[in-house]
Each structure stands twice: as C-alpha cells, then as structure tokens.
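Features reported for this protein in TrEMBL:
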- 138-157: domain 'Helix-hairpin-helix DNA-binding motif class 1' (DOMAIN)
- 168-187: domain 'Helix-hairpin-helix DNA-binding motif class 1' (DOMAIN)
- 7-25: transmembrane segment (TRANSMEM)
Amino acid sequence: MYYIKKYWFLGIVGLVVAIVVFQSASNEEGTVTLQEEHPLVREPKMETSSTKTEQVVVDIKGAVHRPGIYEGTPNMRVHEIVSLAGGFTDDADETSVNLAQKIEDEMVVLVSFLQVTEGGTSGEATSDKVRINHATLEEITVINGIGPSKAEAIIAYREENGMFKEMEDLLEVSGIGEKTLENMREDIQIP
C-alpha cells in the first residue's frame with residue numbers, strides 16, 4: 001500500500017507539470033497560428049520626424065509682384081521664393097538679394113528698389129546694413145560700436161548656437177548689452 005501512495009503522488013506531480021508545459025506550448029503555437037492565418041495584421045508604425053516634411057515660412061517684401069508670406073522646404077533657395085512671389089518688378093535691384101542662399105524659417109527677404117539718382121537715371125540701391133548671420137569679421141567690425149573682439153564673439157556665438165533669429169538674440173553674446181544693441185540696430189539686418 002505504501003508503494004501505491006508513493007507513486008500516486010509522483011504521478012499527480014508529473015501530470016500537473018505536463019499540463020503546465022502543454023498549456024504554455026499551446027499558447028505559443030496559437031500566437032504563431034494567428035500570425036500565419038492573418039498576414040495583414042501588423043504592428044502600427046510610429047511616424048518619425050524624418051518622414052514629415054518640414055515647412056519653412058518666408059516673408060518676402062519689396063520689389064516683387066506679389067509680396068507676402070510663402071511656405072517652402074529647408075532645401076529651397078531664395079530664387080524659388082522670388083519666383084513664387086511672381087518674380088522681380090521692373091524697378092527691382094536684383095543684386096540686393098543672394099538668390100542662391102538657402103531659405104530659413106522666419107526669414108525675411110527684402111528686395112530693394114532701384115534708386116533714382118540726382119541726374120534722373122536709375123542707379124542700384126545700396127544696402128548699408130550688415131547681414132549679421134552671414135557677415136565676415138571685417139564686415140561686422142564696421143558696425144557702430146563693434147570692434148574686433150566683439151566681432152569675434154558674435155561669430156563664435158553664431159557658430160556655436162546657429163543663426164540669430166531676432167535682434168534680441170545678440171544680447172546673449174558676451175560683451176553686447178542693451179546700449180550696444182541700440183547703437184548697432186540701424187546697421188544690421190537679421191533675415
């Protein structure tokens with residue numbers, strides 16, 4: 001009798017283990033079967049920022065047929081925005097803008113008009129403003145209140161942090177305060 005009780009207990013333990021193993025194996029097979037029966041069932045793909053097309057907004061003003069705000073992509077050039085705006089007017093100074101420049105978000109493109117000189121003939125407009133995001137060291141030093149050391153600081157800041165978006169961004173540059181910014185405001189252009 002002792003012999004039967006001993007093996008009866010081992011038989012029940014073996015049966016429980018077999019049921020657990022069989023149950024887990026059948027769950028895995030069911031999952032595989034479900035995937036094989038339904039090949040169109042897939043995990044949803046997450047949309048990444050690289051699949052979205054980034055939009056850039058540009059404001060074009062001055063001597064173009066349809067001045068206004070236009071949308072583009074970051075790889076577009078200024079000449080494409082000018083084309084979207086209907087092209088240059090007859091009195092536009094086409095040399096006042098860099099047509100090969102890539103556009104940037106919140107950029108302002110100002111197309112100057114040809115100026116009439118005292119003799120009554122048209123002359124090219126001269127832009128006395130320094131484009132701070134693209135200016136060289138020599139160009140920056142001609143700005144009122146900016147010497148070589150501040151010009152170097154502006155270029156270093158621009159290289160480390162990217163383009164200036166607005167005038168007040170210049171306050172972040174070492175050595176430029178409110179008074180210096182006010183003195184140079186009329187001499188610079190930020191796209």
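In case you wondered, yes, glycine gets a Cβ from its N, Cα and C as well.
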Provide the three-state DSSP residue tally for the domain 'Helix-hairpin-helix DNA-binding motif class 1' (138-157): helix first, then strand, then coil.
14 helix, 0 strand, 6 coil
Quick one: mean pLDDT on the domain 'Helix-hairpin-helix DNA-binding motif class 1' (168-187)?
89
What is the three-state DSSP composition of the domain 'Helix-hairpin-helix DNA-binding motif class 1' (168-187), stated as helix, strand and coil residue counts?
15 helix, 0 strand, 5 coil
